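S.K.: Sharing a structure here in structure tokens format.
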């Protein structure tokens with residue numbers, strides 16, 4: 001399964017094309033719209049979310065509520081585009097109109113300046129429009145399709161925020177994926193410890209008043225994953241490496257860890273490795289899950305536990321200093337619409353890209369043209385592993 005996305009932040013629409021989805025998968029627009037709505041939610045979101053109410057249109061690859069095996073095309077309209085018709089026009093326009101909302105003051109931490117250098121733009125809006133987090137709308141849409149595949153195979157996925165701007169959220173032990181999903185989706189800030197809810201909201205309000213932004217850490221958990229996804233035979237076949245690349249590809253994400261992650265560097269091997277157990281009902285299990293569900297780049301049957309760190313949003317209402325690319329004079333950076341934090345929304349994006357990578361790996365290992373063959377192949381593999 002592979003996909004491409006296209007579209008600009010203030011262009012007419014966003015598009016994704018997905019190839020390789022098996023035939024026979026039940027899929028409707030509502031399966032996708034629910035996740036698009038979640039992406040637009042979360043405490044601390046700004047004005048753009050009040051303008052856009054994302055709804056997907058499926059224009060190929062689905063007939064009578066089921067996938068056909070053909071490429072699936074998804075579209076989401078940008079309602080805000082009506083205010084940007086001249087600025088984002090495809091055809092050539094008058095020079096005086098081209099300078100409307102022209103950007104020459106690059107924002108520190110954004111793609112503005114380097115994109116302008118790379119592609120030789122004199123208007124940095126060209127960098128801004130495609131590098132905007134608005135692009136993640138389609139990665140969430142693609143991820144929703146991937147999650148439909150996972151659901152048919154009894155694989156669950158959820159996300160929650162574990163750090164807000166340096167404030168760690170205590171997480172109850174031994175929560176199931178279903179419990180994490182339920183608790184996080186009941187929270188406006190996607191945390192499972194609701195005793196911290198108001199404290200974090202007040203903190204977000206304070207940051208907004210100061211014209212600043214905060215980052216944090218999001219955790220995604222995947223349960224019910226078959227043993228043996230990924231491989232140790234080559235560097236680029238390890239599934240944890242593929243997930244890491246997908247997570248760090250999300251706008252503003254700067255790091256990733258699995259299980260105990262960077263804490264491993266402070267511990268001994270006897271404190272980290274997951275002891276192997278066996279029982280007749282479940283087959284092989286682990287006493288702990290310190291490695292986050294991976295051994296040798298392969299899933300080991302334990303839940304995948306992956307965390308991604310998101311830097312503070314670079315667009316500040318009290319902008320940092322920059323330089324005008326035309327005059328080289330110092331200026332305050334350009335201010336575009338922004339939020340004090342987007343961690344709850346970023347969690348939805350992270351969940352989506354992880355789901356896409358896992359679904360793709362399943363389709364790679366259990367290559368099937370249709371859903372029934374896929375389900376049979378996965379069930380047979382699970383039986384084999386249980387009796388190994």
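Yeah, the Cβs are placed from backbone N, Cα and C, and that goes for glycine too.
So Swiss-Prot lists the following for this protein:
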- 39, 45: NADP(+) binding site (BINDING)
- 130, 131, 132, 251, 252, 296, 311, 312, 313, 314, 315, 337: FMN binding site (BINDING)
S.K.: For residue 130 (FMN binding site), write down the residues of its own chain that are at least 6 apart in sequence and whose Cβ falls under 8 Å from its Cβ; none is a fine answer.
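M.R.: Counting only residues 6 or more apart in sequence, the Cβ neighbours of residue 130 (FMN binding site) under 8 Å are 8, 9.
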S.K.: Just to verify a number: CA distance, residue 311 (FMN binding site) to residue 39 (NADP(+) binding site), in angstrom, no decimals.
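M.R.: A Cα-Cα distance of 18 Å.
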S.K.: Can you see whether DSSP assigns residue 130 (FMN binding site) to helix, strand or coil?
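M.R.: Reduced to three states, the DSSP call for residue 130 (FMN binding site) is helix.
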S.K.: By Cβ count within 10 Å, point out the most packed of the binding-site residues listed: 45, 311.
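M.R.: Neighbour-count leader: 45.
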S.K.: How long is the line from the C-alpha of residue 252 (FMN binding site) to the C-alpha of residue 45 (NADP(+) binding site), rounded to the nearest angstrom?
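M.R.: Answer for this pair: 16 Å between alpha carbons.
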S.K.: Which residue among the binding-site residues 252, 313 has the fewest other Cβ atoms within 10 Å of its Cβ, if you could check?
M.R.: 252
S.K.: Within 10 angstroms of the C-beta of residue 39 (NADP(+) binding site), what count of other C-beta atoms is obtained when all protein chains are considered?
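M.R.: Result for residue 39 (NADP(+) binding site): 28 other Cβ atoms within 10 Å.
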S.K.: How many other Cβ atoms sit within 10 Å of the Cβ of residue 315 (FMN binding site)?
M.R.: 22
S.K.: Taking the Cβ of residue 132 (FMN binding site) as reference, which residues of that chain separated by at least 6 in sequence fall under 8 Å from it?
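M.R.: Sequence-distant Cβ neighbours: 8, 9, 251.
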S.K.: For the C-alpha pair, I'd like the distance in angstrom between residue 313 (FMN binding site) and residue 45 (NADP(+) binding site), rounded off.
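M.R.: Each residue's Cα considered, residue 313 (FMN binding site) and residue 45 (NADP(+) binding site) end up 12 Å apart.
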